[in-house]
Structure formats: C-alpha cells, structure tokens
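Enquirer: What Swiss-Prot lists as domain 'ATP-grasp' is 135-344, and the listing cites sequence analysis. Sequence annotations record features per position, and here Swiss-Prot assigns ATP binding site to 171-226. Swiss-Prot lists D297, E311 with the feature Mg(2+) 1 binding site, giving sequence analysis as the kind of evidence. What Swiss-Prot records for E311, N313 is Mg(2+) 2 binding site.
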Amino acid sequence: MAKLRVGLLFGGRSGEHEVSLNSAKAIATALQSGENPQKYDIIPIYIQKNGVWQAGDTAQQVLNDAKPLPCEDATSQQLWTFPPQVSEVDVWFPILHGPNGEDGTLQGLLTLMQTPFVGSGVLGSAVGMDKIAMKMAFAQAGLPQVKYIAVDRAQIWSNPCVFPKLCDEIEQRLGYPCFVKPANLGSSVGIAKVRSRSELEKALDSAASYDRRIVIETGVKAREVECAVLGNENPKASVIGEITYNSDFYDYEAKYTDGMAQMHIPAQLPDAIVTQIQDMAIQAFKAVDGAGLARVDFFYVEDSQEVFINEINTLPGFTAFSMYPQLWKETGVPFAELVDQLIQLALERKQ
C-alpha cells in the first residue's frame with residue numbers, strides 16, 4: 001500500500017507563529033516514530049510571517065530549526081503563488097495557531113483544494129475562534145458560563161458620550177475584578193484583568209486596538225482545568241488536567257515562559273466533577289461543530305462545586321509538552337498514535 005503524503009502546514013501570519021513552529025517540529029517527530037514511517041511521508045509547507053508559502057529545503061530547514069525566516073512585505077502575486085508540492089499532498093495537517101490559521105480562513109482554502117485536513121472545518125474553526133460566537137453556541141447548548149458582556153470597537157472609540165455609559169453597565173452587571181478580552185486572539189494575547197474604573201477604560205481601549213469585537217467577563221475564584229477531545233461524530237474525552245501559575249492570571253507570558261505555569265495531570269478532582277467536565281467538553285465540541293481535536297477549558301469553583309465552561313480551542317498547542325497531547329498520553333494514547341488517529345479522522349471525515 002502506497003504511503004500517504006502528509007502536508008505539514010505551519011508558521012502563519014499570527015502572533016503565535018513561533019508556537020506553530022514548535023508544534024510542527026513535535027508532529028514531524030511523531031510522524032517519524034513507531035509505525036508511522038511505514039504509513040506516511042512528510043511534505044513540509046511553511047507559511048512565512050508575510051503570508052508567502054515555502055516548501056522543499058527552505059521549509060525543511062525552518063522545521064528542523066524551529067526558527068522563522070526573515071521576510072519583507074509580499075506582493076499579491078507572491079501571496080497567490082503556491083509551491084508545486086501543494087498538489088502532491090494527500091492529507092493536510094495544519095498546525096497554525098491564531099488568526100489566519102485556526103479561524104476558518106485556512107480551512108476554507110483547504111476545503112476549496114478538496115483535500116482532507118486534520119481538525120475542524122470552516123464553521124467549527126470560526127466559531128471556536130470568536131469568543132462571542134463561541135459563547136452564543138455554548139448558551140444554546142445549555143452550558144453554564146460566567147456572566148459576560150459583548151461589545152464592539154465602535155462602542156469604545158466612536159462617541160465619548162457612549163463610552164462612560166458602557167463602563168457604567170460593565171461595573172453594574174459584572175463588577176470587579178473582570179477580564180477584558182479581544183474576541184479573536186489566542187494565547188491570551190491582549191487580555192487584561194481589571195479591578196478599577198481606570199484599569200477598565202485602559203483595557204477596553206487596548207482590546208479595541210487588537211480586535212473589532214471584545215468580550216468582558218466577570219472574574220471568578222476558581223481552579224482552571226482542561227479536557228482534551230478526540231473524534232468526529234462520536235468524540236472521546238481525556239482525563240482532566242489542571243493549570244496552576246505564578247502570575248495574576250494565565251496570560252501569554254505564563255503560557256510560554258518556562259517555570260511560570262505547571263500542569264497537573266490528572267487533576268485531583270471528585271469523580272463526579274471529572275465526569276461532568278468530560279460530558280461538558282463533548283457537548284461543547286458538538287455545539288461548535290468541532291472535528292478531529294479540541295481542548296476545552298473550564299473554571300471549577302471548589303466552594304460551590306460549580307463548573308463553568310471558559311472556552312474551546314479547536315487547534316491547541318501541539319508540542320510534546322503541550323496540555324493536549326499530555327492529556328491523551330495520560331489517557332493511554334501516546335503522541336505518535338495520537339497523530340496517526342488525527343490523520344485517520346481527517347480521512348474518515350472526507351469520505
């Protein structure tokens with residue numbers, strides 16, 4: 001049987017470019033482990049920070065080094081020129097995080113190519129990226145969430161008479177502390193925890209510079225726990241993991257600085273809470289029309305035994321030390337087998 005050619009697509013234009021390189025390197029290693037070399041050949045395809053696609057030795061070198069290529073602004077012609085290796089791909093494994101990678105835009109392009117790909121489609125990716133659309137989907141599915149308010153940039157920037165009223169509403173409905181989040185950025189980029197009116201005004205202005213849509217959530221004193229989901233129509237949930245960190249909240253620095261955050265797998269939780277979180281993770285996955293993989297994040301309030309869904313990540317970090325593969329390793333699915341299963345799920349979904 002001929003080996004499948006896996007297009008490992010990495011890099012991208014978002015601020016999570018470097019995270020993507022590390023994820024891709026780990027996946028490439030997994031594709032060269034166990035029985036995978038008998039099944040798959042890797043075609044590395046690197047998207048530079050300017051959006052230009054590279055293949056061959058250039059892409060392989062970036063994959064080996066996990067360091068981005070320097071680049072200049074690209075022309076329209078360069079952006080619409082794909083390497084010839086693209087036509088050789090049997091199945092895509094896109095591992096681009098953030099905007100233009102996991103928000104449905106790339107998934108739309110791969111759908112037009114009529115080639116199967118790992119992960120959610122256009123709808124699941126788009127809903128899973130936009131925190132406001134995601135919350136609406138969760139609400140429709142009856143999943144408990146913390147209180148929130150959704151606003152847009154125009155409410156913050158357009159009229160000096162409107163902005164104070166907006167801040168009044170946030171204070172009255174949510175109180176302090178609360179979190180201000182751009183709706184469409186990953187890795188906690190642009191998120192601020194605020195405790196006063198002045199901090200709120202500053203955080204809203206900052207979030208509006210990142211995104212047109214902004215969500216403000218009430219703060220809760222809770223443990224942050226995560227569950228991995230794997231599958232298509234009949235997904236499975238992993239054991240639960242917990243994140244603890246040495247910062248005010250789980251921000252970008254805490255996520256990507258060694259020693260600032262610790263993963264506890266499995267999390268020490270009552271059995272009933274574990275089952276509840278696993279069930280909610282699968283419900284959330286189905287609510288956004290997920291496929292292949294997702295990591296679902298929760299708040300567990302120990303005092304009241306309440307569980308609130310925080311968000312879903314349809315293309316989570318995939319380094320050997322990332323939460324998603326670690327959760328499956330603890331559940332009994334090692335890294336190389338996990339990568340194989342994801343490729344098979346992509347092929348199954350295309351049939």
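Every residue, even glycine, has its Cβ placed from backbone N, Cα and C.
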Enquirer: For D297 (Mg(2+) 1 binding site), what is the secondary structure state per DSSP, taken as helix, strand or coil?
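Expert: Looking at the DSSP assignment, D297 (Mg(2+) 1 binding site) belongs to a strand.
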Enquirer: About how far apart, in whole Å, are the alpha carbons (Cα) of R213 (ATP binding site) and E311 (Mg(2+) 1 binding site)?
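Expert: It is 16 Å, counting Cα to Cα.
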Enquirer: Rank the binding-site residues C178, L185, A192, V220 by the number of other Cβ atoms within 10 Å of each Cβ and report the first-ranked residue.
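Expert: It comes out as C178.
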Enquirer: Could you measure between D297 (Mg(2+) 1 binding site) and N313 (Mg(2+) 2 binding site) for me? Cα positions, answer in whole angstrom.
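Expert: The separation of the Cα atoms works out to 8 Å.
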Enquirer: When DSSP is mapped onto helix/strand/coil, what comes out for V220 (ATP binding site)?
Expert: coil
Enquirer: Work out how many Å separate S206 (ATP binding site) and E311 (Mg(2+) 1 binding site) at their Cα atoms, rounded off.
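Expert: With the alpha carbons as reference points, the distance is 21 Å.
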Enquirer: Applying a 10 Å Cβ distance cut-off over all chains shown, what neighbour count does E171 (ATP binding site) have?
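Expert: Excluding its own Cβ, the number within 10 Å is 14.
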Enquirer: By CA-CA distance, flag whichever of L185, A192, E199, V220 among the binding-site residues is nearest to E311 (Mg(2+) 1 binding site).
Expert: L185
Enquirer: Could you give the Cα-Cα distance between V220 (ATP binding site) and N313 (Mg(2+) 2 binding site), in whole Å?
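Expert: Cα-Cα distance, V220 (ATP binding site) to N313 (Mg(2+) 2 binding site): 21 Å.
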Enquirer: Quick one: among the binding-site residues S206, N313, which has the most Cβ atoms sitting within 10 Å of its own Cβ?
Expert: N313
Enquirer: For the domain 'ATP-grasp' (135-344), what's the model's average pLDDT?
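Expert: Here the predicted model's pLDDT, averaged over the domain 'ATP-grasp' (135-344), is 92.
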Enquirer: Just counting, how many other CB atoms are there within 10 A of the CB of E311 (Mg(2+) 1 binding site)?
Expert: 19
Enquirer: Whole-number answer please: how many Å between the C-alpha atoms of C178 (ATP binding site) and N313 (Mg(2+) 2 binding site)?
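Expert: Counting only the Cα atoms, the answer is 21 Å.
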Enquirer: Just how many other Cβ atoms lie inside 10 Å of the Cβ on D297 (Mg(2+) 1 binding site)?
Expert: 20
